[in-house]
Amino acid sequence: MARGALDWIGAELEALDAKGLRRSLEPIGPAQGPVVQVGGRALVNLCSNDYLGLAADPRVRAAAADAAMRFGAGSGAARLVAGDLPPHGALEARLAAWKGREAALLFGSGYHANAGVPGALVGRDDAVFSDVLNHASIVDGCLLSRAELVRYRHCDVEELAGLLARTRARRKLVVTDAIFSMDGDAAPLRELAELCDRHGAMLYVDEAHAAGVLGPNGAGLAEALGVQDRVDVHMGTLGKALGAFGAYVAGERRLIELLVSRARPFVFSTALPPPACAAALAALEVVATEPSRRTHLFALCARMQAGLARLGFDVARVASPIFPVVLGTEVRALAAAAALRERGWFVRAIRPPTVPHGTSRLRVALSAAHDAAQVDGFLAALAAVLPDLPPAEPRRAG
């Protein structure tokens, strides 16, 4: 029975409908892969973050199944109570070695890590400097820290330099995505590291969309640019390129020891399930022994980038498997996604507040499980649907 106290929700949902901003869930199956079943149809999946195609890899699945039988389906408690099981420590040691750091700490999700770590490092007398296009979880973590939040223009090192020079904050924390999740471009980590060195600021890098994909060992953008030792806080996820679930922070041992006591999402959450840890360990072994997956992925990326550029899309700065097909209005993005689905392509419309008004888009994501024919097929389908989309409207401010 509906309760009167919630009657206001109906009007809120109608307002979301009117703006083209109402979300809904849509199951896929049977598992992640380059082709999935959606609504009873087989569609090529171009909106997953399973960049290396490991979520359904038999070795990764077998490791998870074995861990479930050995250690149980769940951890049963927080790590600090009775939930610290052997797979947790084994995965943390492997992650620390992979990232070239002294230690690592697991979190329940990337959102958990980003929401909790800033507050363990800074507070009321401090300042956090955050790229304006950082992920929502970073923004929320900065706000929860109660430090002054200073947002600088996207990848604008000069503006950040001025802000750091003028601040009187006790502690300074610069936070950035490595790869920006909606645009696919890379942060200028070398320049950011130089600024942080000069101004005595801590550097926090979210490698969610870079770890497993970039660098000689797949360890991320910091490895690719040779600045691993100059990043204080390495955050990454286990649920994207590694195909599992959860997240981690890697860094100096004293940093990890502080987070064990002060990172509230770690302290007050049940530990990651052992099967997720085992799956991530198996995925890390594949990353180490099969660099051909990354080579194949970036060959596909070059093909997609060239094709989208021919269609007139601005993808010159893309440095990842993420391609923004910016269409402008919510209506155009939704229409494009629907038309592509009719042709056999599963790609989502991304709308405000995920992206700024006037920049609604298709977020196209490639996987090492795709092939060149699928890239070419998508480009042909996109070219076919573009002329029939609703007309573009002037971009709104904000």
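Each residue, glycine too, has its Cβ placed from N, Cα and C.
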Let me know which member of Thr354, Thr359 Swiss-Prot also records as binding substrate at the site of Arg23, His135.
Thr354
The pyridoxal 5'-phosphate site in Swiss-Prot lists Gly110, Tyr111, Ser181, Thr237. Which one of His154, His209, His296, His357 belongs there according to the record?
His209
By Cα-Cα distance, the member of recorded positions His135, Lys240, Thr354 nearest Tyr111 (pyridoxal 5'-phosphate binding site):
His135
For the pyridoxal 5'-phosphate site built from Gly110, Tyr111, Ser181, His209, Thr237, further residues of that chain with CB within 8 A of the site's CB center:
Asn49, Asn114, His135, Ser137, Asp206, Ala208, Gly239, Lys240, Ala247
Reported as an integer number of Å, what is the Cα distance between Gly110 (pyridoxal 5'-phosphate binding site) and Thr354 (substrate binding site)?
16
Chain-internal residues near Lys240 (N6-(pyridoxal phosphate)lysine), provided their CB is under 8 angstroms and they sit 6+ positions away:
Asn49, Asp50, Tyr51, Ala208, His209, Ala211, Gly212
Give me the long-range Cβ neighbours of Arg23 (substrate binding site): same chain, 6+ apart, Cβ under 8 Å, in sequence order.
Leu16
Please state whether DSSP places Tyr111 (pyridoxal 5'-phosphate binding site) in a helix, a strand or coil.
helix
